[in-house]
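Read the structure below first, then the notes.
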Amino acid sequence: MNSSSCDRSFGPYAEGCRGGFDFTLLFEESILVVPITALLLLAAPFRATYLLRKHSVKVEHSYWLYCKIILCLLLLASQIAFLVCWTQSPVVTTKASLPAAALSIVASITLLGLSYVEHVYSYRPSTVLNLFLLFSVLFDATRTRTLWLQGYNRPAAITALISTVVKILMLSAETIEKRGFLRPEYRELPSEVTSGVFSHWFFSWQLPLFRVGYSHDLEIESLFPLEKHFKSSYLQTLLQTAWAKAPKKGDYDLLLVVFKTLKRPILFIIFPRLCFIGFTFCQPFLISATLSWAEKDADSNDMNQGYGLIGAWFLVFIGLAVTTGQYQHLTVRATTMVRGQLISMLYDKASDLSITAANPTAALTLMSADIERIDSGWRTAHDVWANLIEIVIAVYLLGRQLGLACLIPVGAAIFSIVGSVIAVSFVMARQAMWLEAIERRISVTSQMLGSMKGVKMCGLSEVLGTRIQAMREEELHISGKFRRLLIWNMVLAYLAPIFAPVLSFMTYSLLAQSQGGRGNLDTNRMFTSLSLFALLQEPLASFVTSLSSFMGSVGSFVRIQAFLKTDARTDDRIIQYNGETEHSLISGVSSSEEKHPVSPIQESMMKTEPSGDSPDGNAFVIRNASFGYDRNETPTLSNIDAIIPSGKLTLVVGPVGSGKSTLMKALLGEVGIMQGSVHASNSTVAYCDQTPWHMNGTVRESIIAFSRPDERWYQKVLEACALKQDLTQLPRGDLSNIGSRGLVLSGGQSQRVSLARAVYAQKSTIILDDVFSGLDAHTENAVFNNLLGSHGILRDLNTTVIVVSSRVKRLPYADHIICLDGTGTGCVQGTFDKLNESDNYVSHSDVSSPDGARSKAPSSGPASSSAPVPESSAAALAELDMELTESKKDGAGRRSGDVAIYMYYMNAIGWIPTMVFVLAICAYIFCQSFPTIWLNWWAAANAKEPFTRLGYYLGVYAMLGALSIIFLVLSTWQMIVTMVPLSGNNFHQSLLKTVLNAPMSFFAATDAGTTINRFSQDLQLIDMDLPLSALNTFATFVLCIAEMILIAVGSYYTAIAFPFLLATLWVVQHTYLRTSRQLRFMDLEAKSPLYALFTETVTGLATLRAFGWRDALEKKHHELLDRSQRPFYLLYAVQRWLTLVLDMIVTIIAVLVVVLVTQLRGKLPAGLIGVALVNIIQFSQHLKLLMTFWTTLETHIGAISRIKSFTSDTASEHEPQEKEQPPSVWPSKGTILFDQVSAGYKESEDVLKNISLNIEAGQKVGICGRTGSGKSSMVSCLFRMIDLHGGRIIVDGLDISTIPREEIRTRLVGVPQDAFLIDGSSVRLNADPAGGLTDAAIEDALRAVELWDIVTDNGGLDTSIEELHLSHGQRQLFCIGRAILRPSPIVVLDEATSSVDSRVDELVQRLVRERFSNRTVISIVHKLQSALDDFDMVVVLDAGKLQEIGHPQELLAKGPDASTFASMYQSVATEKKEDK
C-alpha cells in the first residue's frame, strides 16, 4: 500500500507504511488533534467566566505575562502558516486535515485569552492550559513525525515542528509558579496551593521543605501554612451545621454526616484510584507481549515493536507512579479534614458537658486513640471497594489464561473475605475491651502523676506502682486475645494468595492432561498467570486488612458519636439583664497606660458585660429550689430560699459536707435545678473553685488569662493578693511557668493566683469557694483587708462577693450570711446580728460582733515580715534547665536516627526471641520466593515433554506454600504474641520505676501531659504500631533482597545496576528521613499541648464557663489544632513524595530490563525473562512497601527513643548510701531529731537553713509561720522529698539519710494538704491500700471521722470512692481515717484541716488527742488557737530558719515584743477570736 492511500484510511496503524510502526494521518488528525482541541474550546469559556466572576486580580503585571502573550502570538502565526501549507499541498491531505488546522487556529486565539485571564486572576498555574499543552505536544509530535516520514509536504512538516516547539515553550512558561509575581496578600499562601498540576503530580512543591529539613532544624512556624479547607474553624462549622440537622437515630449517623460534608474530597479519590487499577492490569499484558516477542525468531525484522515495548513499559510505570501518588495524597487530604472535624467537635462537646459527666481520661482516649484509628481506617477506606474490583479483574484475566481453574482463586477469595468479615466483628469487640483496659490504666496513672506529693507523703508509691503494673499486665493479657485474632485474620488473608496459584496450576494441568494435552503450561502462560496471581495477592491481602482497619474506624466513629450524644450541661438559671454595662477599670488606671501585647484570644474577650444588678437589686435570687448532680437521685440540697444582694459581701457557711460548694455550682448553673428557680443577674461571674484550677503557663498568663491586659491594674491585683514577694523569688518572676495544675506553686500561692485571676477579671460578681483555707492567718488577714476591707478594691468596685468559708471568724464582716445546717434541707439567711439571735450554725460559732466590724477593716501589715522561702523557685529553675537540655537534645537528634535505639528495643525483648523471629521470617521469605524458580524449571520441563513428572512439580510447589504459611504464622506469633508482652511489660516497668523514683523537682518542672504521653501514646505505639512496623519492615526487606536476586537471575546484566540502585535508595532515604523524622517529632509535640488543653478544659469546666471563656478557649483550641494539623498533614505528604521517587526508580529498573531483553534477544531464556518481569512487578510493590514500612518504623521507633531518653535522663531521688534496711518495728517510739539540717532541691538554694530540733516520743508539735516560711519544706524533708544539704535527721536512733526513701514513707504516716484518693477504686482499697485489715477496723476508722454513714448509704466498702461524692473537707477526713488505720508512732499532718469548719477541726483535734495519743504528731497549723490548745510544742519558722521553739503557752506569755508566735497570735486575736 502506498503512503498516500495508507494515510487516508483510518487505520489506526499504517500497515505497510513507514515500517508499520506509525499511525495513519487521518487517525492522528481525527483522534489525536480534533478531540483535544474541541475540549479546550468547550472548557475555556467556563473557566474564564468563573475566574472573572469569582476572583479578583491576584498577580501583578510583569514581563512574564508579556512573554506568554508573545508565545501565544507565535503559536497563532505558526498555525496560520500550517493551514496555508495544507491548502497549497496537492497531495496527502485527508478529509480531517483542513478542519483540524482551522480548529487549531481557533484554539490558538482561545489560548491567548485564557492564558491572560489565568495569569492575572489565578494564583496557580492553569490546569486547563497545562493539560491541553501537554497532550497537544505529545500528539503534535506524533503527527510531526508522520509528516517528516512522509516527505511529501516539507513546508507543512517544518511549520508543524515549529508549532510543536512553540507549544513546548508555552508549556514551560505556563508550568512556572507565579509566587514571585503575586500580590503581597497572596504571597504567604501554602506552596501546594500556588503549585501547578505537574508539581502536584510529582510533588515538587515539597522540595523547599526537604531543603530546609536536610540542613536545619524544622520548626512548626517554618512549615507551609494550612490552606483554608484545613482550618479547624471552617471544618467544625461544616460538620456542626450538618450534625445539628441529622436525625441521630442510628449508630452510624456521624459517619454518614462526615461523608456528606466532605463528599467532594472523598469522591475525588475515585478517579485516580481507577486509573491506578487500569495501569496495574496493563502489566500482565506487557509481560505476555514481551515474552511472545522474545520467543520469536531473532532474525525477525520487528525491532520497532521492541522499542514500542520499551515505551509501553515506561508509560505504564510512570502512570502507576503518578496515580499512586495522587490517590494516596487525596486520601490524606480527606483524612486530615476528617481529623480536623472530629477533634473540633470533641472539644466543643467536652466544653459543654456537665461537671459530673466530664471524664478527662475517657474524652482524651477518644481524641487520641480513636482519632488515630479513624486516621488509619480512612487512609485505606477506598482500598476496600478498589480491591474488590481488582480481584474481579484479576480473576477474569486468569480465566482467559487458565480457563475453569480461575474459579480456584475465586473460591479462595470468597473464603478469605467471608472469614475476615466474620472475624472483624470479634476483632472490634476485643479491641473495645483492650481500649477500656488502656483507659483504666491511664486514668489511675494520670491521677497519680497529678498528685505525686500526696502519693509520696502517704507512702503509696509502691502500692500504686504494683497496682498500675498489674493493670498493665491485665491490659496486655486482654490485648492478647485481640492479637491472636489479628494473626487469624492474617492467615485468612494469605491463604488465598499462597495456595490459589498451587491449586489453580494443579487444576489446569489435570484438566489439560485429561483433554489430551491441549493448553500446556508453557512459559508465556505460566508467567502471565503468575503475574496475575501477584496482582491478585495484593488486593486480597489488602482487602482483609483494609476492611478490618476501616471497620475499626467505624467502631471509633460509634464511640465518638455516643460521646457527642451525651447530655450536655443544662443551665436552668433565669438570667435577667437590666441593660447597663459593667463598671469600668478602677479609677486612676488609664487605658492609655503601657500594656503588654494583646493576643488574638485576649482581644476576643475585650468586651463589656451587663451589670450585676437584677431588677430587684439582688445578684441572685433562689426560690424554693432543690439541687442535685443527678436528676434521678435525691437532691443534694432541697427547699433552698436565699438571696445574694448586689454589691455586698455574702458569706456561705455550714458544716463539712453541708452542700456549700453544691450551692455555689447551682449559682453558676453547673448543678441541675430539680424544683424552684434561680434568678441570676448575669451569665458570667469570676469564680475560684475550692481546688484551684490552672492552665499550664506562666503566672502572668494564669492571672490575666483572657481578660483585657492592663499593667497598672495587674500590679494592683498582685499587691492586693500578696503575690509580689512570692514572684520576686521565682527565677523569671511572673513569667515563670507554674506547671500542670499549678504544681510549681505551694497550696497558698495556688489559691492566691486563682484569687488574683478572679479579681483581675473585674466581673460584677465573684464567687470564692474556700479560697483562704490554705493561707496562714497573717496572709489571710492581709488579703482579706486588701480585697474586702472597708477600702478593699472589691468594695471600691461595688462587686458582689460570695465567699464560702469553713472559718467563721469573718462572719461579722459579712453584709449577708447564708447558713446551711448540714441536713441538706433549707437554709437560714440574714445579717450576722440577726442570725445570732436564733438557733443555727452561726449562733453556735461563738463569734462575737466587734463594734464596727463591717465598717472597719481588719488591720494587718504586709503579708510577710521577711521574704518567703523560694520553695518553688528550685523547681522553676529545674524547668528552665530541662527546657534548654531538651532543646539541645532535640536539635542534635531529630534529623538522624540511632542504631543504639534498635539495640535497646531488642534488649527489652531478649535476643533469643529476636533470633527465632529473624530465622522464621527468612524461612518464610524463602518459601515465598523460591517457587518462581521452581515454576521456571517446571515450564522448561513442560517445553521438552508436556506434563512430565506433574505430581513431583505440583507436590514440591504445594509443600513450599504450606511451609510459607507455617513460617508466617510462627514469625507473626513470635512478634505479636510473644515479643510484644515482653517489651510492653519491660518498657512500662521502666517508665513507672523512673516516675516513682523521680524527685519532686521533676514533677514541678515537667508538664504532666508530656509524661502521660509516655504512658499512653508511646506505649500504644510499642504495643501495636511498632511491632507491626518491625514485622512488615524486616519481612519486606528480606523479600526485596530475594526479588533483586531473582531479577538478576532473569536478566543478569541488571545486577550491574544494583549498586547504583542501592546507593540511590540510600540517598533518597537519607534525604527523606532527615525531614520526616522531624515532622514526626513535631507531630507528636504538637499533639501534647492539644491534649493538655483538652484535659485542662474538662477538669476546669465550671471555672471557664463561669468566666465566660468558652469561646476564647475554643479559639485557642482551633489555633492548637491548626498547629497540629500542619506536621500531621505534611508527614503523610512527604511519604507520598517518597513513594513517587521509589516508583520512578522501579520504572528505571523495569525499562532497563526490557532494554536488555530487546538488545540481547535470543541470548536470554524466556523463562528467566519471565522470572525477572514477574519479580519487577512484585519488586515495585514491595519496594514501596519497604520504604513505607521503614519510614513508619523510623517514626514509631521514636517512642523507644523517647522512653530511653526519659528513663536515662530523668534523675532518681535515691542516693547510693540509702541502703540500710531498718528493723521491722522501726520506728517504735517516735523520737525525731533535726540536727543542723539544711535542705533544698539538689543544687538549688537551701529552703531550710540550719534547723535543730528535738521531738520526744508522743509529743504533739505544731509548725507555724507565714506563707512560704518553710513549713511544707520541713515536712518534705522528713519524708525525704527534698534533699539534705547539711546536717542529719535521726528517727528513733537511725539517720534517715541511710534508709531507702520509700521505706521511710511507708513507716511514717503522712496526711497531705491535698487529699489523695484513688478514683475508680473501692472505699476499702482507699482506706487500706496495702491490704490486710479487717472490715471492722476500717468501719471503726470511718466512724471516727464520721464518714461511715455515707459509705453505708452508697453500698458499703466495695463501692467506688467517687460514688460517695465526698466534698473537699470530707476527702481530708477520709485521709485522716486512713492515717488512723496505720500503726506508725509518727503522724505528720500537712495542713490536713485547711478545708474544714471549726466543728470538724475540733473533731480532728479530738482524734489527735484520742487516736494519736501515744503517737508523735507533727502538724502544720494556720489556726493558731489550735496550736495553743492542742500542742505540746510550737515551732515557728521564718525564711527557712528556726525563729523560735517552745510550749505555746510559754511563748504566748513572753508577749508580742519578745515572741514571734505571740506576735502572730496577737495580730489575729486583735481582729477576732479564733474558732473554738
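Cβ coordinates are placed from backbone N, Cα and C, and glycine is handled just like the others.
Summarising the annotation, Swiss-Prot assigns N-linked glycosylation site to ASN2 (among others).
The transmembrane segment annotation in Swiss-Prot covers 23-43 (among others), and the record cites sequence analysis as its basis.
Per Swiss-Prot, transmembrane segment is recorded for 64-84 (among others).
Summarising the annotation, Swiss-Prot assigns transmembrane segment to 266-286 (among others) and lists sequence analysis as the type of evidence.
Taken from Swiss-Prot, the feature domain 'ABC transmembrane type-1 1' applies to 274-552, supported by sequence analysis.
As annotated by Swiss-Prot, transmembrane segment applies to 384-404 (among others), with the evidence given as sequence analysis. Residues of the same chain lying 6 or more positions beyond the ends of the transmembrane segment (384-404) and with a Cβ under 8 Å from any Cβ of it are 273-274, 276-277, 280-281, 284, 410, 413, 504-505, 507-508, 511, 519, 525, 528-529, 532-533, 535-536, 538-540, 542-543, 546-547, 550.
The feature transmembrane segment is assigned by Swiss-Prot to 407-427 (among others), with sequence analysis given as support. With a cut-off of 8 Å between Cβ atoms, the residues of this chain six or more beyond the transmembrane segment (407-427) that come close are 391, 394-395, 398, 482, 485-486, 488-489, 492-493, 495-496, 499-500, 503-504, 507, 533, 536, 540, 543-544, 547-548, 551-552.
Residues annotated as transmembrane segment in Swiss-Prot, with sequence analysis given as evidence: 485-505 (among others).
The transmembrane segment annotation in Swiss-Prot covers 532-552 (among others), and the record cites sequence analysis as its basis.
According to Swiss-Prot, the feature region 'Disordered' maps to 586-615 (among others).
Per-residue confidence over the domain 'ABC transporter 1' (622-847) averages 84 (mean pLDDT, predicted model). According to Swiss-Prot, the feature domain 'ABC transporter 1' maps to 622-847.
If you look up Swiss-Prot, you'll see ASN624 (among others) marked as N-linked glycosylation site, on the strength of sequence analysis. Close to ASN624 (N-linked glycosylation site) in the fold, though at least 6 residues off in sequence, lie ASN639, ILE640, ASP641, GLN675, GLY676, SER677, each with a CB less than 8 Å from its CB.
Here Swiss-Prot flags 654-661, 1265-1272 as ATP binding site, drawing on sequence analysis. Under the three-state DSSP scheme, VAL656 (ATP binding site) falls in the coil class.
Cβ contacts within 10 Å of ASN682 (N-linked glycosylation site), excluding its own Cβ and spanning all protein chains shown: 24. If you look up Swiss-Prot, you'll see ASN682 (among others) marked as N-linked glycosylation site, on the strength of sequence analysis.
All protein chains included, ASN696 (N-linked glycosylation site) registers 23 other Cβ atoms within 10 Å of its own Cβ. The N-linked glycosylation site annotation in Swiss-Prot covers ASN696 (among others).
Annotation source Swiss-Prot lists N-linked glycosylation site at ASN798 (among others), citing sequence analysis.
LYS1271 (ATP binding site) falls within a helical segment according to DSSP.
When the stretches 532-552, 906-926, 950-970, 1137-1157 are ranked by Cβ pairs under 8 Å to the transmembrane segment (1167-1187), first place goes to 1137-1157. Secondary structure at ASN1250 (N-linked glycosylation site), taken from DSSP and collapsed to helix, strand or coil, is strand. By the Cβ criterion (distance under 8 Å, sequence gap of 6 or more), the transmembrane segment (266-286) is not counted as touching the transmembrane segment (1137-1157), fewer than 3 such pairs being found. Of the recorded residues, LYS1271 (ATP binding site) and ASN1250 (N-linked glycosylation site) place their C-alpha atoms 14 Å from one another. Cβ atoms under 8 Å from those of the transmembrane segment (906-926) belong to residues 963-964, 967-968, 970-971, 974-975, 978-979, 982-983, 986-987, 1031, 1034-1035, 1038-1039, 1042 of the same chain, restricted to positions at least 6 beyond its ends. The sparsest Cβ neighbourhood within 10 Å, among the listed binding-site residues (GLY654, GLY1265), is found at GLY654. Listed stretches 64-84, 485-505, 532-552, 1137-1157 were compared with the transmembrane segment (950-970); the greatest number of C-beta pairs under 8 angstroms is found for 485-505. For the glycosylation sites shown (ASN836, ASN1414), fewest C-beta neighbours within 10 angstroms: ASN1414. If you measure from the Cα atom of ASN696 (N-linked glycosylation site) to that of THR1267 (ATP binding site), you get 23 Å.
For ASN1250 (N-linked glycosylation site), the spatially nearest entry among the recorded positions LYS660, THR1267, SER1269, ASN1414 is SER1269, judged by CA separation. The recorded positions shown are GLY654, LYS660, THR1267, ASN1414; of these, the one with its CA atom nearest the CA of ASN836 (N-linked glycosylation site) is GLY654. A Cα-Cα distance of 26 Å separates ASN798 (N-linked glycosylation site) from GLY654 (ATP binding site). The recorded positions in question are ASN798, SER1269, and the one with the fewest Cβ neighbours inside 10 Å is ASN798.
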